[in-house]
Structures are given as structure tokens and as C-alpha cells.
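Taken verbatim from Swiss-Prot:
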type: COMPBIAS; residues: 32-44; note: compositional bias 'Acidic residues'
type: COMPBIAS; residues: 222-244; note: compositional bias 'Low complexity'
type: COMPBIAS; residues: 245-265; note: compositional bias 'Pro residues'
type: COMPBIAS; residues: 280-297; note: compositional bias 'Acidic residues'
type: DOMAIN; residues: 65-99; note: domain 'ShKT 1'
type: DOMAIN; residues: 151-186; note: domain 'ShKT 3'
type: REGION; residues: 24-56; note: region 'Disordered'
type: REGION; residues: 222-313; note: region 'Disordered'
type: SIGNAL; residues: 1-19; note: signal peptide
């Protein structure tokens, strides 16, 4: 009966000592020893699709921008800086590019981290995703300075190239002051049609991930093709329309002729004394008929006289 309590006491002591020893174990150096957390089985996060983390925790002062862990390079090369965010922030902030070094700025327009590395990080969108580090160590690749302004001007914000290309330099005074290089480089761009909708001063460095307003793309639904043949309607023959008979123009009513004024009868002159009275037209016709009869009779009498005269001879 005494063996069971004794075994229980020994097991408790052994468990306590083993737990204390585990506290001194260094962080895991490979994924097989790593502590599994939600999202660890997913692939490397794409720009703008990072795990749901509190980005305000990445505000690291330059004097604290130092690596403390021994596996920082492998952690970064394997893309686990965001997957194991809490460990990376506390032990590998510099290698994971979460901050900029104290007294690490340079006035020269060049990539302090190397052109090859900076170009690769720029393609991934890290100029905006990791602004503190990239602004200090990749300013040339991130287009914060360059030959367009003869290396005389340097932008103060990693969002300047996108702001300038969108036309905000001529519509926002704060952006114009923050972006002397980009606003000169893209001075020919048309002004933005709407004001910049976000705060120019970010609340924390990693708020920079949202640069330009999003554009909603309307998706048009395409109806599924029908399996039934479409009904075809025969077009009517191209028959010319009958020509309508022309409508005769209305005949204007004739204007009434003016009624002539009555002519007054000519005055009759009184016959002169001793002159025969004027005959009427009927009397003149009768007289002419009598005269013609007399002439015919005279001619006939002449012929008879000639016949008598010849017979007497």
C-alpha cells in the first residue's frame, strides 16, 4: 500500500524537474521541431494576403532593430517571418526586415542591401509592405530617388511613386511636400479626379499596405447557351411600296371679270333740211334688192332689143 503513494510522489517530482529543463531549451531551428500554430500549414503569404496579425506590434524602434536568435536567416529564407510572427519580432526583426537600423540612413541614392535583393523584394511588393527597412536600404529600387531628378531629391514616403502616378501631387499639398522626386518625375500626369480618401500620415508603418482606393469591378453574368436551335424568322420579300397617285393641286377659283360700265347711246343729230331721211337697215336691204331686180331686168331687156334688131335686118 505504501508503494503507490511513493510512486506518485516520485512521478510528480520528475515531471516538475523536466518542465524546468524545457524552459531553457532554445527556439526550434527547423519546421519539424517548430510549434504548430494556426496557419502554419499554409504556403508563403502573398503580398496583401498576410495572416491576420496585429500589425501595430511591428512598430520597432531603430535601437531595438537587432537580431537575437541564431536561426534568423533560415527563418527568413523559408518565408516564416510572418507565420511565426511573435518569435520573429522578438528575435529576428532585422533579418525579417521589420525595422531600420539606428544610424543606418544614407544620403546617397543607392540600394544598401544590394541591387539583386532589392529588385526581388520590390517585385513582391515589399516596398510598401515593409516600409521602414525598404526606405532605408532599397530607396533606389523602390523609386524614391533616381536619375529623373539627377539624384537631388528623395521621397519621404514609400507610397510616393503610386501617389504621383495617380495624379495626387497636384490635388494634395501634403503629398506634394512628401514626394519631391516622384512629383517631379510624373509631373505630366493628369490631376486625380477625386481627393485622396486615406490619411496621408499613417497611424503605424504597416498601415501603408493600403495605398490607392480599390476599384469595384462589375461582374457581368453570361447566360448558359441554349441547346435548342434558335427560331429563325424569314424576312419578308423586299417589295417596293406602291407609289401613291399624286394629289392634284387645287384649281384656284377664277377671279370675276369686272362688269363694264354701261355705254351711253351716241347722240342722234337732227336731219338737215332738204336731205332725205335716213333709212333703217331693213329699208336699205329692200332697196338693194329692188336695185338688183331692176338691173337684171334691164339686162334682159337689152338682150331682147338686140334680138329684134337682128331680125329686122
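Using N, Cα and C of the backbone, Cβ positions are placed for all residues, glycine too.
Across the domain 'ShKT 3' (151-186), the DSSP tally of helix, strand and coil residues reads 18 helix, 0 strand, 18 coil. When DSSP labels each residue, the domain 'ShKT 1' (65-99) comes out as 13 helix, 0 strand, 22 coil, counted as helix, strand and coil in that order.
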